[in-house]
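The structure appears right after this line, and notes come after that.
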Amino acid sequence: MIPFSMKNGTLCVEDIPLPEIAARYGTPCYVYSHAYLTERARRFTNALDGAGKGKALIAFAVKANPSQAILASFAAEGLGADVVSAGEIQRAVTAGIPPERIVFSGVGKTAEEMEYALKIGIGQFNIESVPEIEMLAEVAASLGKVAPVALRINPDVDAHTHAKIATGKADTKFGIAAEQALSAYEKVACYPSLKIQGIASHIGSQITDLAPFEAAAQRIHEIIVALEKAGHPIETADLGGGLGVRYKDDQPEPPSIEAYGEMIKRVTKGWNCRLIFEPGRSLIANAGLLLSKVIRVKESKTARFVILDAAMNDLVRPTLYDAYHEIKAVTPAVDYYHADIVGPVCETGDIFARNRHIPTVKADDLMALMSAGAYGATMASVYNSRPLVAEVMVSGDKSSLIRKRQSVEDLMRDEQKPEWL
Ligand code: LLP
């Protein structure tokens with residue numbers, strides 16, 4: 001299914017022309033295709049069907065997009081959630097994801113977060129260090145509970161992705177070194193308030209080659225075999241997220257969900273445990289765009305700047321990772337020119353694209369920043385006192401506001417002046 005397509009010279013989301021969305025909800029706004037994100041969830045579920053023992057758990061990485069409407073859409077498809085904070089647990093449960101389908105990752109879980117997760121009954125803690133084992137054991141014991149534990153092992157695999165989003169190399173803060181796995185599991189086994197349930201790994205994000213996933217899975221399997229030999233049966237193997245998506249129209253598609261599924265089935269053949277996956281971007285990135293309006297076009301001595309009403313605070317990926325996002329004119333003109341596409345924020349780095357070849361645009365024209373469904377709205381800030389933008393979900397010819405645009409009053413609501421001022 002193609003979520004965004006040109007119909008009669010206008011870019012549409014499913015059956016709705018984007019100018020209608022802009023007129024109804026204002027700009028900037030995030031727009032998501034419900035049909036597409038549902039299709040991605042189904043494809044992921046089907047591609048992993050038959051892998052591992054029993055039914056694989058597809059736990060959507062909430063950090064990619066924690067919107068209630070999106071989490072509820074995935075809950076309806078039977079997905080679970082991969083979370084990294086008590087806030088994400090609360091969001092997932094509120095959206096209807098059963099606690100037993102939640103896995104809790106992250107290097108800095110606090111005792112309060114552990115307590116919350118234990119009380120709500122989450123399915124698995126992915127523990128990332130020995131001190132964290134000790135803390136969870138203590139918290140679980142104080143509640144009279146037994147915590148289901150997987151250890152996140154750092155397989156020391158190079159995911160060939162952007163350094164800021166690679167997590168599987170030994171020099172990152174993530175996971176427990178493979179060499180320390182056995183002794184860490186032995187430590188878990190000493191605590192009656194902990195139950196060894198599984199093993200976990202996640203090597204990074206936007207990975208466009210299947211080889212690093214295969215290498216990591218093989219490494220995990222070696223550890224499972226060693227653990228079982230040492231008397232620690234492993235029930236679940238969480239192989240993380242990380243499958244990349246296409247950001248550039250003229251680039252080949254990265255491996256499809258189906259190719260990923262085939263590889264996983266081949267590599268995990270004969271594994272005697274249930275598999276868990278934590279996809280984020282691959283389910284939601286290309287289901288969303290950021291719709292923006294041109295404020296004005298400024299010609300300087302050396303460059304042409306198309307100034308949008310969206311900025312780095314709304315979509316930070318280009319500024320933070322030099323990430324490429326396609327930027328489309330919603331009603332493209334026939335002529336093209338080169339321009340820097342920028343936001344109004346007072347930072348030189350507030351640039352979405354440099355010297356991009358685009359159809360000519362003028363003030364009030366609409367532009368769409370594509371592939372913005374993952375790590376878009378969720379990473380937004382209110383820098384320059386720019387309120388968080390609206391978010392809209394479309395299904396066929398229906399659209400619905402799923403997040404109201406903030407007001408400046410909202411921004412100031414929790415602020416106060418000292419009484420002595
Ligand atoms: N599981 C764990 C433990 C993770 O840390 C992540 C992402 C995922 C799953 C989901 O990975 P995905 O399938 O989405 O690749 N803000 C960056 C991406 C940061 C990813 C952080 N961890 C970006 O905009 O590219």
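Cβ coordinates are placed from backbone N, Cα and C, and glycine is handled just like the others.
These figures come from a predicted structure and were not determined experimentally.
Pulled from TrEMBL:
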DOMAIN    29-373  domain 'Orn/DAP/Arg decarboxylase 2 C-terminal'
DOMAIN    37-285  domain 'Orn/DAP/Arg decarboxylase 2 N-terminal'
MOD_RES   Lys63  N6-(pyridoxal phosphate)lysine
BINDING   Gly242, Glu278, Pro279, Gly280, Arg281, Tyr375  pyridoxal 5'-phosphate binding site
BINDING   Arg281, Arg317, Tyr321, Glu347, Tyr375  substrate binding site
ACT_SITE  Cys346  active site, proton donor
What Cα-Cα separation, expressed in whole Å, is found between Arg317 (substrate binding site) and Tyr375 (pyridoxal 5'-phosphate binding site)?
-> 8
Could you please provide the mean pLDDT value for the domain 'Orn/DAP/Arg decarboxylase 2 N-terminal' (37-285)?
-> 95
Which of Glu278, Glu347, all binding-site residues, has a Cβ with the fewest other Cβ atoms inside 10 Å = Glu347
Find the shortest Cα-Cα separation between Pro279 (pyridoxal 5'-phosphate binding site) and the recorded positions Lys63, Tyr321, Cys346, Glu347, and name the residue that gives it.
-> Lys63
In Å, rounded, how far does the Cα of Lys63 (N6-(pyridoxal phosphate)lysine) sit from the Cα of Cys346 (active site, proton donor)?
-> 27
Those binding-site residues listed as Gly242, Pro279, Gly280, and which of them has the most Cβ atoms within 10 Å of its own Cβ | Gly242
Among all chains shown, work out which of the binding-site residues Tyr321, Tyr375 has the most CB atoms within 10 A of its CB.
-> Tyr375
Ordered by sequence, the long-range same-chain Cβ contacts of Arg281 (pyridoxal 5'-phosphate binding site) under 8 Å (at least 6 apart) are Ala61, Ala64, Ser205, Gln206, Gly241, Leu243, Gly244, Val245, Ala374, Tyr375
Look up Glu347 (substrate binding site) in the DSSP assignment and report helix, strand or coil.
-> coil
Residue from Tyr321, Cys346, Glu347 whose C-alpha is spatially nearest that of Gly242 (pyridoxal 5'-phosphate binding site), among the recorded positions | Tyr321
Gly280 (pyridoxal 5'-phosphate binding site) to Tyr321 (substrate binding site): how many Å between their Cα atoms?
-> 17
